[in-house]
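In TrEMBL this protein carries:
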type	residues	note
TRANSMEM	73-97	transmembrane segment
TRANSMEM	103-124	transmembrane segment
TRANSMEM	136-158	transmembrane segment
TRANSMEM	164-189	transmembrane segment
TRANSMEM	209-229	transmembrane segment
TRANSMEM	249-270	transmembrane segment
TRANSMEM	291-316	transmembrane segment
TRANSMEM	336-355	transmembrane segment
TRANSMEM	362-386	transmembrane segment
TRANSMEM	392-413	transmembrane segment
């Protein structure tokens, strides 16, 4: 499901890339530099639902899932308003960050069409987490697949036949996300599988928002720091000499990396749901077993895909653009891409375990240290001071990812799963009105 949804963004970038190299750079900057800002924040805040719904479902507190869904949607829609303002002023923001005027102008046109997508995210991510907590995945996958087909058709018509260019490409992407939201909500309302967890709209969605916001903020910080990390690479690369070539090559690599990352995000969701369900149900051994099975499977798939990328390094760029110069630059970056794919096969799954256990605040601190105190400065040092360019920037940031993955592996190996079951039960037993105590327990790290 995550992979299919990412293919919509990927196809939009491909469609834009065939308009020209400037359009490819603009779509890349808009998608991975601006749009991912909202994606990371909304996905992160929506992940609060993952912890709460997962443990409540495991404890058979079914009526609470619908309340958590609505409460999260209210908060995320409110968050979407300042994000829309940022989108509206994307051109001066990009210029302030040192991007070239031509790329900044083209990227801002692309970003304007993504404003409706912000509010689709605000509703979509809580819905996804609500369904995943109940192990309902296939309907969302079918909906995403059908929407992808519609998206491809509309993109071809609007961009090439109607001639709306970059703005048309991004507007179609926004529309496609709203189709997914509408279809998933219709499923929740009509499906008998959700009759106990969705009991209709309630004013309880507007109560306890402050405590819910605290947990959502912790989840958002944790996932945003991960999601934005490699987008910093794109922004820094825009400061290099010949930024259009650097951005074109990176956009191809980051798009492929993002597509494979979505596979790992699927495993992230699986790990989070299984761990939270098992902890809520009091099954420590099952939680432990789920962690390592999901991690091993995700890592194996990533290694296989990394090998495929290395074998096709001289050809993969032609999917996105026809330029031979860009193709050579992409081939030169493929070893770094393969390394990133392998790390991304492990790290997101461990983050999913953290969400299932309620460790968001701890992981946020780890991410700040490894990514932004070590990784980004190291990448900038190698890229600019030692004049290694994109390779140096990317290589330094991979170092930060290695450090973060190592720490999460060490913590997961040392986890006392019986104690985690006890902590989950404490959250559930604190309920007085079935909402506030659980939220307070999780947000305080109990």
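Yeah, the Cβs are placed from backbone N, Cα and C, and that goes for glycine too.
Just so you know, TrEMBL annotations never went through curation; they're auto-generated.
On a predicted model such as this, the values are computed, not experimentally measured, just so you know.
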Look at every Cβ pair spanning the transmembrane segment (164-189) and the transmembrane segment (103-124), keep those 6 or more apart in sequence, and say whether at least 3 of them are under 8 Å.
yes
Applying the under-8 angstroms CB criterion, which one of 136-158, 291-316, 336-355, 362-386 scores highest with the transmembrane segment (209-229)?
362-386
Among 73-97, 249-270, 291-316, 362-386, 392-413, which stretch has the highest count of C-beta pairs below 8 Å with the transmembrane segment (336-355)?
291-316
Given a Cβ distance threshold of under 8 angstroms, which distant residues of the chain, six or more beyond its ends, lie next to the transmembrane segment (392-413)?
229-230, 232-233, 236-237, 291, 333, 336, 339-340, 343, 346-347, 350-351, 353-354, 362-363, 366-367, 370-372, 374-384, 386
